[in-house]
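Copied over from TrEMBL:
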- 70-97: coiled coil (COILED)
- 150-177: coiled coil (COILED)
- 183-265: domain 'FP protein N-terminal' (DOMAIN)
- 278-330: domain 'FP protein C-terminal' (DOMAIN)
- 1-44: region 'Disordered' (REGION)
Amino acid sequence: MSESPNARASSAPDISDLTVDDTAEDFRVNSNRRNPKRGHNDEFTHTFEDFTTRIMTSLNEWKTDFGKKISQINTTLKNLNENTQEMKTEVISIRKELSVLKETVCKLESRQTEAERDITSLKNSMQHHSDEYDDIAKKLEIQSKEIKDLYQLKKELDEVKVQNRQLRTDINASEQRDRLLNIEIVGIPELENENLNEIMSKIGNYTEIDMTSDDILQVNRVTAKFKVHGRPRNIVVKLRNRQLKDNIISQARKRRLSTKDLNIQGSVIPIYINEHLTPYNKNLLKKTKEIAKIKEYQYVWTKNCRIHVRKAVTIPAMFISDEEDLRKIV
């Protein structure tokens, strides 16, 4: 049974499914069928088969390369898909980070605004303090000048104090020299029509001191600067010489003179005879006694109208001429 032409001429629908051997076989069959009378042309057939073989080899190589490239493309696409997915994930992460960054930037901007306000406030405060500092500096400059003036005034005042002290000392010394021959009698009551010269004569007789009216240069009562009610005024007597003055004072202290000894009627009142000191020296003597008592000094006395103080018999005496000397009593 012979095959139909269509059946013999049929070909594979997919060239990729053909092989080199299949194609050569079909070519030989078809060649024999088309040229039954020609016979075999071996050389042509061989050449054609070789060409066909090369064509099919090239096609197979192209197919293989194409398959590889398709596989590479698929791999590349897969990698691209993976990379795209990673990029999407990265983009999402970047968006989140960007959102956080935006929030951070907003917070930073808010803080920057607050910082700018604080800086502005600080600048204003610094300016205020700077103005205050300038005012203080000006005041200090003025005060510095005033202090310098005060120092100058203090220096001048100290000089004036020194001069005043010296002047007071000189005046006091001058007044005390005028009183160097004077004695002051304290405690004799004042009587009407009293004779002060007669009282001095009685004092001389009681103390056994030879004294005439010529030895008494002046005698009178003096009013105290601060008069005490009920207390008689003191009697001040100016004598002829210092020896007579010292003898009267010494004997009166030894005999503890009183109004009874002078035959003065009334209550017995002690009579004190002292050197006639200036008001300044009287006050200085009072302060000397007070401090000496506190510091346990045993002796305070006056001689030739000068104040002396001694802590004990074996210790030298100190001379007190003014209040600055009171610091010596320690």
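From the backbone N, Cα and C atoms, a Cβ is placed for every residue, glycine too.
The structure displayed is predicted, hence computed values, not measured ones.
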Summary of DSSP states over the domain 'FP protein N-terminal' (183-265), given as helix, strand and coil counts:
32 helix, 18 strand, 33 coil
Tally of DSSP helical, extended and coil residues in the domain 'FP protein C-terminal' (278-330):
22 helix, 13 strand, 18 coil
